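Chemist: Not my notes, these are from Swiss-Prot:
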- GLY207, GLU208, PRO209, GLY210, VAL211, GLY212, LYS213, THR214: ATP 1 binding site (BINDING)
- GLY611, PRO612, THR613, GLY614, VAL615, GLY616, LYS617, THR618: ATP 2 binding site (BINDING)
- 392-526: coiled coil (COILED)
- 5-147: domain 'Clp R' (DOMAIN)
- 8-72: region 'Repeat 1' (REGION)
- 84-147: region 'Repeat 2' (REGION)
- 160-341: region 'NBD1' (REGION)
- 342-551: region 'Linker' (REGION)
- 561-772: region 'NBD2' (REGION)
- 773-865: region 'C-terminal' (REGION)
Amino acid sequence: MQPTADQFTEKGWAAIVLAQQLAQQRKHQQLETEHLLLSLLQQNALAGRILEKAGVSIGNLQTAVEAHLQEQPTMQAAPDSVYLGKGVNDLLDQAEKHKQAFGDSFISIEHLLLALAGDNRCGRKLLNQAGVDAGKLKVAIDAVRGNQKVTDQNPEGTYESLEKYGRDLSAAAREGKLDPVIGRDDEIRRTIQILSRRTKNNPVLIGEPGVGKTAIVEGLAQRIVNGDVPAALQNRQLITLDMGALIAGAKYRGEFEERLKAVLKEVTASEGQIVLFIDEIHTVVGAGATGGAMDASNLLKPMLARGELRCIGATTLDEHRQHIEKDPALERRFQQVLVDQPTVQDTISILRGLKERYEVHHGVRIADNALVAAAVLSSRYIADRFLPDKAIDLMDESAARLKMEITSKPEEIDEIDRKIVQLEMEKLSLGRESDSVSKERLEKLERELAELAEQQSALNAQWQQEKGAIDDLSSLKEEIERVQLQVEQAKRSYDLNKAAELEYGTLAGLQKQLSEKETALAQDGEAGDKSLLREEVTEDDIADVIAKWTGIPVAKLVQSEMEKLLGLEAELHQRVIGQEQAVQAVADAIQRSRAGLSDPNRPIASFLFLGPTGVGKTELSKALASQLFDSEAALVRIDMSEYMEKHSVSRLIGAPPGYVGYEAGGQLTEAVRRRPYAVILFDEVEKAHQDVFNVMLQILDDGRVTDGQGRTVDFTNTVLILTSNIGSQSILDLGGDDSQYREMERRVHDALHAHFRPEFLNRLDETIIFHSLRREELRQIVALQVNRLRERLCDRKLGLEISDTAADWLANAGYDPVYGARPLKRAIQRELETPIAKSILAGLYGDSQIVHVDVDVDQERLSFR
């Protein structure tokens, strides 16, 4: 027959074209069967799969074909075209007959292979030498093709569909590749119950991301392998479908549907032996539906309803609502299994079950208190994720961090290495000097270097020894895990002799070795010097990782931090002059929180600062942020004068769905989601619209609020400070006189109750009245402001000395009880900073000069020299 492209599949025709090219490259006049065989071996993955299934070594067969081609006569130059040899013509006729026998529409790779197995020229001989005949080849082809027919020019995509587009969870469970599943018995039992139904036997696991939906299916796979399931599920194969692989590369319309149909056909043909698992099942809705093609869900529906296909789905609550509930016909074919977040206690049990796997992987030990800390701390401080996923991640990252420390050079050795390099450089420099002082220093250096080298050698030996001991433990744990898997496999295959031999012989011996090594390592740690390496993850490691993730300091207080917290009040007083009550209240709240005594379901503290302008309300907030986070940038400042309209509430928590800006989120909620540990300042709160306070009620009482997108934002690690000028006139009129303090306080509270609702005021921890500033306090503020100016002048290499009389003069010039410290700031700018700036620009001050400031009594202004 004269071959044409429309008689062959795409891959079949490509094999013939490549065979022609191979004949030309080798300067052969005729295209023969050996060229076609080499073409199939070189290019075609399907031919290779079939031959490997038949037990052929592809490399050896290719070498044999190459050797046969070397023996063929060649031309002096490559021919322009090659002719079909008689052998190829006969082979193509045979391939046509095989096509008809299979009931196919096109000649494909498998027909060409079968024809080669009957080729009298060389194909049969070469294949027989490789250990395969037509019979074996037919069996291998049936195994690869299954029940598929060649009905188009690209049928290879439908062969071995499950192998290509799925992952066998049962095989993974048999090989011990799946993590153990702890608990979740109710959900697994309900899943088995639904799978055992006659029709609509399709459970869908619905739950928040990270609660363990996929783990439930893995647990089911382990139960099937262990035979711990009803008869309806005994010896079933659980395969997870990879929707990404199914869609990837499906270029032409209808190609995706063909692949999916092939998968479903294989599942149906298994007559219930295969259970399909589709993770993220919402992706089947609309998948592949381009250019008017049917989507995957419409292909699944008929089979799901008839019970021909057992399918387990998994998706989140939101995705289920958005995609699957919109298609009631698909939704009714699945039976819902709701998967709730486990409790902290259940999470601890899950972590204990997984602990061994993570210990073996990282080569470290994980203390039980670390597991408890991972569950408890993640539940408390990581609000936007779910247990057990966030607790497992914590444990994993803490173990990875410790492993990194073990494999890195210890700090003690690194310091000595750096010191040796530094001294070696100094030694080289001194070696060039000939004076007696340099020689003496050189001798001293050499002695120091010798001591350091000795220390380095001892520490390196200790490090290698400790590292070796930890590596030995890790290897033993890996070996124990491997033997445990062999024991399980032997028990499953009822090889009880082997199981007993491994369990009571090999495994018992390994566990004894492990126990001895762990005891020896612990004793060395207690008896010997300080260890360079730690090999156990503790609760402190977990706390450090949480702090890195969220910025919330949850680690145990070290001595330096305790001292810092005890001195917090004094530190705040250095920046905020006067206002004893306010500073003490703020410091007390922070100390309660860091000691772990504050209510975990409310913000750390919430204050309302009242007082006239310029007395330090905002400054105290900045000072607190600076003390807690070493930066004023950690202060989330919200100017409430921007929230005077009713609709501006949406700016705080985010616009509702359907409004412009819905995706952007709220200014307050987004700031706290990114930085959960913060000082939040609501400045001039009386200017906000009353509806803004409705949002704040929830924050003040429960420490949480729901943003425009329905996410819960946690405020339990924030300090809320609200400032207001309400009642400031009463404070100014009566605040200076101690005898009238009670009257002033009463008037301020009356003004407060007139403006704010009782339920808002009742939720605040404390309402603090800031007094108007006295002259002596202004004098201290002058000293503060002058120190700040001195620091700025230091950058220009200038000093500043100001006399007491000049400081008093500035305090008087800036004194205004109505406006607080702000007029003082303006007076310092006008009388002190501006003249100094002009003198610098005029070149009157050089480097390292000191600017002396005094008072010119005659002209009533400051003098500079």
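Heads up, the Cβ atoms here are built off N, Cα and C, so glycines get one too.
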Chemist: Say you check the Cα of GLY207 (ATP 1 binding site) against those of the binding-site residues GLY611, THR613, GLY614, VAL615, LYS617; which is nearest?
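Modeler: Sorting the binding-site residues by distance from GLY207 (ATP 1 binding site), the top entry is LYS617.
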Chemist: Check the Cα-Cα distances from PRO209 (ATP 1 binding site) to the binding-site residues PRO612, THR613, GLY614, VAL615, LYS617 and tell me which is shortest.
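Modeler: With Cα distances computed to PRO209 (ATP 1 binding site), the winner among PRO612, THR613, GLY614, VAL615, LYS617 is LYS617.
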Chemist: So of LYS213, LYS617, which of the binding-site residues has the fewest other Cβ atoms within 10 Å around its own Cβ?
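Modeler: If we count Cβ atoms within 10 Å for the binding-site residues LYS213, LYS617, the smallest count is at LYS213.
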Chemist: Quick one: Cα separation, VAL615 (ATP 2 binding site) versus GLY212 (ATP 1 binding site), in Å?
Modeler: 54
Chemist: Where among the binding-site residues PRO209, GLY212, GLY611, GLY614 do you find the Cβ with the fewest other Cβ atoms within 10 Å?
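Modeler: Looking at the binding-site residues PRO209, GLY212, GLY611, GLY614, the Cβ with the fewest others within 10 Å is that of PRO209.
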Chemist: Identify all same-chain residues not among GLY207, GLU208, PRO209, GLY210, VAL211, GLY212, LYS213, THR214 whose C-beta atom falls within 8 angstroms of the centroid of the ATP 1 site's C-beta atoms; report them in sequence order.
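Modeler: Surrounding the site, in chain order, are ALA215, ALA314, THR316, VAL339, PHE386, ASP389.
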Chemist: Just counting, how many other CB atoms are there within 10 A of the CB of THR214 (ATP 1 binding site)?
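Modeler: Result for THR214 (ATP 1 binding site): 14 other Cβ atoms within 10 Å.
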Chemist: From the Cα of GLU208 (ATP 1 binding site) across to the Cα of LYS617 (ATP 2 binding site), what is the distance in angstrom?
Modeler: 43
Chemist: Using the alpha carbons only, what distance in Å do you get between GLY210 (ATP 1 binding site) and THR613 (ATP 2 binding site) once rounded?
Modeler: 50
Chemist: For the domain 'Clp R' (5-147), give the DSSP counts of helix residues, strand residues and coil residues.
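Modeler: Breakdown, helix to coil: 97 helix, 6 strand, 40 coil.
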Chemist: Just to be sure I understand, if DSSP states are collapsed into helix, strand and coil, how many residues of the region 'C-terminal' (773-865) fall in each?
Modeler: 51 helix, 15 strand, 27 coil
Chemist: According to DSSP, does THR214 (ATP 1 binding site) sit in a helix, a strand, or coil?
Modeler: helix
Chemist: What's the CA to CA span in angstrom from THR214 (ATP 1 binding site) over to GLY614 (ATP 2 binding site)?
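Modeler: The Cα atom of THR214 (ATP 1 binding site) is 59 Å away from the Cα atom of GLY614 (ATP 2 binding site).
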Chemist: Closest of the binding-site residues to GLY614 (ATP 2 binding site), Cα to Cα, picking from GLU208, VAL211, GLY212, LYS213?
Modeler: GLU208
